[in-house]
Amino acid sequence: MGEEKYLPELMAEKDSLDPSFVHASRLLAEEIEKFQGSDGRKEDEEKKYLDVISNKNIKLSERVLIPVKQYPKFNFVGKLLGPRGNSLKRLQEETGAKMSILGKGSMRDKAKEEELRKSGEAKYAHLSDELHVLIEVFAPPGEAYSRMSHALEEIKKFLVPDYNDEIRQEQLRELSYLNGSEESGRGRGIRGRGIRITPTAPSRGRGGAVPPPPPPGRGVLTPRGTTVTRGALPVPPVARGVPTPRARGTAAVPGYRAPPPPAPEAYEEYGYDDGYGGEYDDQTYEAYDNSYVTPTQSVPEYYDYGHGVNEDAYDSYAPEEWTTTRSSLKAPPPRSARGGYREHPYGRY
């Protein structure tokens with residue numbers, strides 16, 4: 001215990017001694033150097049042999065001098081600590097070594113530092129030394145020296161007296177973030193290009209496919225412009241009120257791009273007044289049904305598809321009547337479920 005207190009007392013006495021006592025100061029300095037040298041020799045004797053087989057943890061410690069005498073106006077302690085001490089904490093986590101800033105000027109309160117230095121306690125003996133960074137590593141031999149090497153390389157970057165280097169700029173950004181003066185305020189989302197989410201329901205717009213309806217009954221009318229084959233189901237209609245291309249061609253407009261393939265037309269698109277509704281009302285469905293129950297009058301009657309229909313009924317399919325539609329677009333009352341027109345009697349066989 002006497003040796004631990006002896007060195008701090010020598011340092012405190014040397015600092016408190018008046019500079020006019022030159023010889024006394026020299027003797028004290030020699031005594032301090034001798035005592036520190038003896039401790040160093042003891043440590044060297046203990047570390048004379050290194051056991052790497054057992055892989056036991058060893059303790060390494062190095063004191064790195066901070067160049068405050070060469071650059072007295074630069075705040076090395078502030079750069080080493082960083083905002084709220086985060087820089088030194090991250091440096092210790094990265095290197096796996098313990099780092100402590102010791103020596104004269106390591107405390108912010110100079111009066112408190114001087115008081116502790118004169119107290120003579122062993123834990124404050126470092127206040128009489130030069131400002132330095134104590135690096136300590138406790139690990140197996142190979143890893144310990146690797147950590148110490150990494151720590152020395154990293155600590156050297158913090159001892160460069162540059163106010164605008166990368167470390168300093170990063171600390172300024174971190175400080176502004178901690179103070180809440182970041183340009184982009186907290187809580188504001190990052191602006192970016194929105195992602196369009198496609199709807200799961202099928203589109204019913206122009207050209208959109210819709211689920212096919214159930215098979216219709218016999219005698220259901222088919223849209224205009226579609227080819228009807230025996231036994232084939234009609235094409236499902238599109239949404240009501242959506243403009244669709246006509247079956248007959250129209251004059252091309254300059255700059256007009258050709259539309260996609262024609263989609264099925266709706267029954268409500270044309271109404272029942274133009275074309276089918278207006279002309280077939282004169283001839284009721286009973287006229288067609290009579291041909292099944294009454295005997296045939298002559299052979300040509302079976303091949304005459306205009307039987308019972310006057311000539312004006314076919315003339316009404318003029319091109320100008322295709323463009324006229326009823327404004328209400330409402331379907332007439334449903335008729336009987338019988339066939340819309342009579343098929344050839346021999347076609348069934």
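Placement of Cβ uses the backbone N, Cα and C atoms for every residue, glycine included.
Features as listed in Swiss-Prot:
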DOMAIN    65-135  domain 'KH'
REGION    181-263  region 'Disordered'
COMPBIAS  218-231  compositional bias 'Low complexity'
MOD_RES   R230  omega-N-methylarginine
MOD_RES   R240  omega-N-methylarginine
REGION    320-349  region 'Disordered'
COMPBIAS  340-349  compositional bias 'Basic and acidic residues'
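Secondary structure of the domain 'KH' (65-135) per DSSP (helix as H, G, I; strand as E, B; remaining residues coil): 36 helix, 10 strand, 25 coil. Residues belonging to the domain 'KH' (65-135) score a mean pLDDT of 89 in the model.
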